[in-house]
Amino acid sequence: MSLTMKNVEGFVIFLVIFTSTAAVPQLQKALDGREYLIETELKYNWHQAWHECARHDQQLVTIESADKNNAIIDLVKRVVGKSHNLWLGGNDEYSSSRDYGRPFFWSPTGQAFSFAYWSENNPDNYKHQEHCVHIWDTKPLYQWNDNDCNVKMGYICEPNHFRETYDQALKQKCEAIKITNSKISTEFDQLHAKQSLEFDSITQNVAKVNEDWKIEIQKLQNATQIAIQQIMENHEKKIRDLSDNLLKQLQDSNEQLKQSTDHMNASFGEKLKGQQAENNEIC
């Protein structure tokens, strides 16, 4: 049965998708709590492996302690099974020395090795061409070997140290900003509460002064009214007393006038009567 062009195209698309999916290594969590990316299917030289890690925002792994080495060995056992050729992040900066004790450095950090897990008689810099470090598949204990950096093999990546340091510093800075903002917010709330209390106190004092002022004004008005009333009463009493005195004087004057008139009339009547009697005697 012949394949049609459509079938061929479908097969090619499936193959591309399958290959792309299979080629993406997955992060695996180790006993130390860190996540590592292990590539065993596709092969790269050391520099290509470095760039592959960078594409995933990672770096070739650095192993600074026995604990970290044991965690990675345990992870490789669980994920891969047996020992594999896997690039690590170390190299000797292309030293020409074949001395086993020549210095090696972790390229992601620039730090010299403080821990190593070399296989027997290594690092030997065979033919002066072995400058990059890897886990060796010929050693069941997952020991290290120096090899030509152009040899292709798998690799192990870990989170970028500088990115982690930057993220940690950024996180600490953000936390510090949050603490500062929280402190400022707390201080503002406390100041606002204090000002509110002071404003309430001032408002209450103003209200009290206003109330006291009203009371004093009322007292003054009452006192003024009482004083005016007293003055009016005293004035009325003086007028009444004066009127009564004038009336009494008038009555006394009338009485005196009456008495004087009566006396004058009586005296005049006596004189007139005597004169009449005299006239009668004469005439």
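Cβ atoms here come from the backbone N, Cα and C positions, even for glycine.
The following features are taken from Swiss-Prot:
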DISULFID  CYS53-CYS157  disulfide bond
DISULFID  CYS132-CYS149  disulfide bond
DOMAIN    51-159  domain 'C-type lectin'
SIGNAL    1-23  signal peptide
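In the three-state DSSP scheme, CYS149 (disulfide bond) is classed as coil. In the structure shown, the C-beta of CYS157 has more C-beta neighbours within 10 angstroms than that of any other entry among the disulfide-bonded residues CYS149, CYS157. Each residue in the domain 'C-type lectin' (51-159) gets a DSSP state, and the totals come to 22 helix, 32 strand, 55 coil. Per-residue pLDDT, averaged across the domain 'C-type lectin' (51-159), gives 93.
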